[in-house]
Amino acid sequence: MKHFGWIILIALTILGHLPACLAKDEPLTGITAKKGVLDLRSANLHDQPASLNGEWQFYWRQLLWPGDSIVSPPDYVAYPSLWNKIKLHGETLPVEGYATYALTILLPKDRPSLAMFMTDVYCSYRLFVNDSLLLSNGRPDSTEQTAVPFWSTQTVNLPAAADTVRLLLQVANFWHSKGGTYKQLFVGKSDELHLKLQRDRAYDLLLAGCLFMGGLFFFGFYAFGSRDKAILYFSLFCIVYSYRMIGTSLYVLHSVFPGLSWFVTIRIEYLSLTLGVALFSRYFHSVYPKDANRYIVNAVVYICLFYALVIAVSPPWIFTKGIIPFLVVMFLYIGFAFYSCIRAVQFKRVGAVFALMSCGVMLLVFLIINLNYFQIVSTDKWIVFAGYVIFFFLQSLVLSHRFAYTLKKAADEAEQGLRTKTEFLSTMSHEIRTPLNVVIGMAHLLLRSTPRKDQEKNLNVLLFSANNLLSIVNDILDYNKIEAGKINFEMVPIDIASIAQHITGGLSSKAAEKNITLTTETDPRINRKIIGDPTRTSQVIYNLVHNAIKFTEAGSVTLSIQAEKITEEHITLTIRVSDTGIGIEPDKQQLIFDRFTQADSSTSRSYGGTGLGLAITKRILELQGVVLNLRSEPGKGSVFYFSQVFTVSDEPVMQEEQPGPQQEPDKQLQDVSILVVEDNPFNVLVAQALLERSGAVVDVANNGQEALEKIQPGKYHLVLMDLNMPVMDGFEATRRLRARGVTLPVIALTASLPAEVEKDVQSAGLTDIVVKPFNPDELFRVLLKHLKN
């Protein structure tokens, strides 16, 4: 509520200026015209201008010209005054008609160069000064058919040599619901009056330009970005209301384009107010729908639209009569908006404090404008200008806060959606991997049970499809993790040549199926290990080699690792995978790095896959500041390559032989006692069958609690522990085993990715991880490794 101090300060500033406005715009108090003569001979026109208020000669239904003989004596009326406020001979004058005003001004001897500030009247005039026509608005005449209305504000220099100035003002109105004069005229220093008019016009033009451009900005913001209707309504309000800055008061637009039709401009003037109020009402309700009563807003909008329809189809003398009731409605709505803002502040709505301040300023500004309109007060232009600027600035802040809040809310929802998606994919991965483990395990068991040739073919198809599904699940999870920014890189010594040999060795059978020669070329100068992430480096190279094999029908695939630059601390390696496959069209080469995209829509049907492999590879390299490059020629093959700088480790590389195909580990676990802790009976069936075929003695526990009860010193050589089980999970069971001093190897069996559970596995004291679904060869490799230890 501390912002209310600003509201009070603004209100006091504007209200405190009103007395000064009254004093300034009532120049030379006490000097007024009497009986058609204004005596300024004692006035000091150097200091301030003089108003021409007072009694003017008045000739009703006469358009007198200079030199005309006057037959009847003049009447004397107050200037300015509307005709329907004048009584002549006991009768009130009508608003339609024509008349002539006359005034004689007696000027002082010591005077500067003088000018006259001439405002608009209802609705046309000619001004003669000392029998010379100096100014006109439209064409006054004695009939509606020959008269022409027009409005503009002008200044004109008065004759310098004359001590007496005779003004003859012809006025005619046949169109408006008001007739006569309603604004003061002034005489003062020529340069000051001209400067004042130019400055006031500049205020109007500047404000109109700001509103119009601001409206276009917000409209573009709505059209090309946010689809918030509040922004649309505010933009249209700014555009529509900008006309009032140049199409009312001084009528700057009319001065720039004097040929404009008054019948068109007056309709636009009134429509800009009615439609402006309607648009602002809709805008305000869109911003604070819970605080701005919908029925009141709709009522205001319908009133505005009805009045706009009347303006569009009726003559001016009809629709101009409705402006006073409409202004009453407008002020009531502003008061309602102010009250709604107070409610919004109480309920802590977004930007409500700024909305309340802007409504307070708007209330004061419209109060000043209408008091000036009814000639109750007059004010400097800069006050209205400042009020409008503050109002629109505060409303812009309301929208800015609203957009920032909406953007933050959308970002939070997107983050929540990403978390939900990640959790969903992780859960689905676990749920899919669990039955896949059974499918793949049973396929391996059946293949090792000497099936018939036709059965072996069907089992191979089953195993291939299951592994393909597993690969798709892994790709989706990897890409999801990269997009979520949850990928981390560990920095440990790795043997890049050994990684390359293991990858090509693992993919050799797939290459052999397609009669593809798969070779590895490693630079012999790479004699020390490098510092890097073994998992991600393997993933990148594997994806590139696997992709090359998949899109090569015949020929060769070569993995090449070359040292480009070697120093004591760093080595620059270029890793290149080339193939003799189908190649890629030049215009499709960038598309293949997009997720779920391949070079041709028929490619996925012909070769399978999700189109994620290269996207994952590219993103992993980009996160390390490395660019994946491609050279390809359709029909001849492709080369994927990248160069990466690694820190050199002190550890030398170990010479390893190229791994051959994995052999059946028959009886390698002879008499080894293994406890399988697993709650899924199908997983138990697969694991038990595989282990018993290799000679192991298998015992089963359905959860961690049973495992704790069964494990006794010397009873088992190794434990295979599922991590997610009822009663007690694998983490807790392992922690309790370690707390009891049990040191036998406990291998985690999990359907989760290693990176997701690695920290928990280490903290619980588990020895290693085997991911379900597992390849029997990989399972036996891990078991034998820890049994030897």
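In case you wondered, yes, glycine gets a Cβ from its N, Cα and C as well.
Annotation comment: TrEMBL describes 205-224, 231-253, 259-283, 295-317, 323-342, 354-376, 382-399 as transmembrane segment. Residues annotated as domain 'Histidine kinase' in TrEMBL: 427-648. Per TrEMBL, the feature domain 'Response regulatory' maps to 673-787. As annotated by TrEMBL, 4-aspartylphosphate applies to D722.
Most Cβ pairs under 8 A with the transmembrane segment (295-317) among the ranges 205-224, 231-253, 259-283, 323-342, 382-399 are made by 259-283.
Sequence-distant neighbours of D722 (4-aspartylphosphate) (same chain, six or more apart, CB under 8 Å from its CB) are V677, E678, D679, N680, N683, G730, A748, L749, T750, listed in sequence order. Mapped onto DSSP helix, strand and coil, the domain 'Response regulatory' (673-787) counts 53 helix, 24 strand, 38 coil. If you look at the transmembrane segment (382-399), the same-chain residues 6 or more away from its ends with a CB under 8 A from one of its CBs are 10, 14, 17, 21, 203, 206-207, 210-211, 214, 218, 230-231, 234, 238, 245, 287, 351, 354-355, 357-358, 361-362, 364-365, 368-369. Confidence across the domain 'Histidine kinase' (427-648), taken as the mean pLDDT and rounded to a whole number, stands at 81.
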